[in-house]
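To start, the structure itself, in structure tokens.
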Amino acid sequence: MARKKIIAGNWKMNMTPSQTVELINTLKPLVATEDADVVFCVPAIDIIPALEASKGSNIEIGAENMYYEEKGAYTGEIAPDMLTDVGVKYVIIGHSERREYFAETNETVNKKVLKAFEHGITPIVCCGETLTQREQGVTMDFIRQQVKIAFLGVTAEQAKTAVIAYEPIWAIGTGKTATTEQAQEVCCGIRKCIAEIYDEATAEAIRIQYGGSVNDKTAPELFAQPDIDGGLVGGAALKPDFGKIVNWK
Ligand code: PEP
């Protein structure tokens, strides 16, 4: 069965609650499609207004992060059932900015992925190499390690429903998109890695996005690749152009 594309916006630390309502009202008609799942991953405080504003549309709301404990003395964190209680379906886990600025490791990513599945939230698991790693020729080794650890203890049935976002760090927010060949090569490598961990059926089912300066010009060629099942989009997700990315065909 063909995999349905999934195009997700990562709003990062942008948009107040009132700006959220305005932006969703603007984007709602532009991102209407049945051909792809459309997800807006928004800051925690924007989740409820985003859910309200997107009611009746095809937009799903996701979180940008989540903690791996159920509740308790973890000041500033968001628990999984806080997300499910309001209807959040997706959560970005292990974005490179969280790894770099908030000390997330492969191990904490794994704990969060397991916890997300436990609560029926689909994780968008991020991986990606630095420019140095690419230049050293260790891109795939590094990404395989990130993916293998992120999926430790995850069952094949769960993995089939997961989303992996391949985001080369050197392409995030820099305006430098990986070439179509580079993006396809790594996404294909990730799918092979999933086949090794699980089996062909799991590898065929899991959705793998590309992320890193995707825009309406680069999206069509990227999304047409056999192993690229959509995109995780930062900057361009805050603009009306996101509608063109979603309707890339
Ligand atoms: C991201 O942060 O996930 C991202 C891909 O950002 P941008 O599209 O701005 O490079």
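Backbone N, Cα and C atoms are what each Cβ position is placed from, and that goes for glycine too.
Note that the structure is a prediction, hence the values are computed from the model and not measured.
Database features (TrEMBL):
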type	residues	note
ACT_SITE	His95	active site, electrophile
ACT_SITE	Glu167	active site, proton acceptor
BINDING	Asn10, Trp11, Lys12, Gly173, Ser213, Gly234, Gly235	substrate binding site
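The separation of the residue listed as 'active site, electrophile' from Glu167 (active site, proton acceptor), Cα to Cα, is 9 Å. Summary of the substrate site environment: with the site residues Asn10, Trp11, Lys12, Gly173, Ser213, Gly234, Gly235 set aside, the chain residues having Cβ atoms within 8 Å of the Cβ mean position are Ile172, Val233, Ala236, Ala237, Leu238. Note: the Cα of Gly234 (substrate binding site) and the Cα of the residue listed as 'active site, electrophile' are spaced 11 Å from each other. Within the set Asn10, Trp11, Lys12, Gly173, Ser213, Gly234, Gly235 that the record links to substrate, no two Cα atoms are more than 14 Å apart, and one pair reaches that distance. Here the Cβ of Asn10 (substrate binding site) has 27 other Cβ atoms within 10 Å, regardless of which shown protein chain they belong to. In sequence order, Gly173, Ser213 constitute the residues six or more apart from Gly235 (substrate binding site) in its chain with CB-CB distances below 8 Å. Looking at Lys12, His95, the recorded positions in this record, the fewest other C-beta atoms within 10 angstroms of the C-beta turn up around Lys12.
Residue with the densest Cβ environment among the binding-site residues Gly173, Gly234: Gly234, by other Cβ atoms within 10 Å.
Here the residue listed as 'active site, electrophile' is positioned 10 angstrom away from Lys12 (substrate binding site), judged by their C-alpha atoms.
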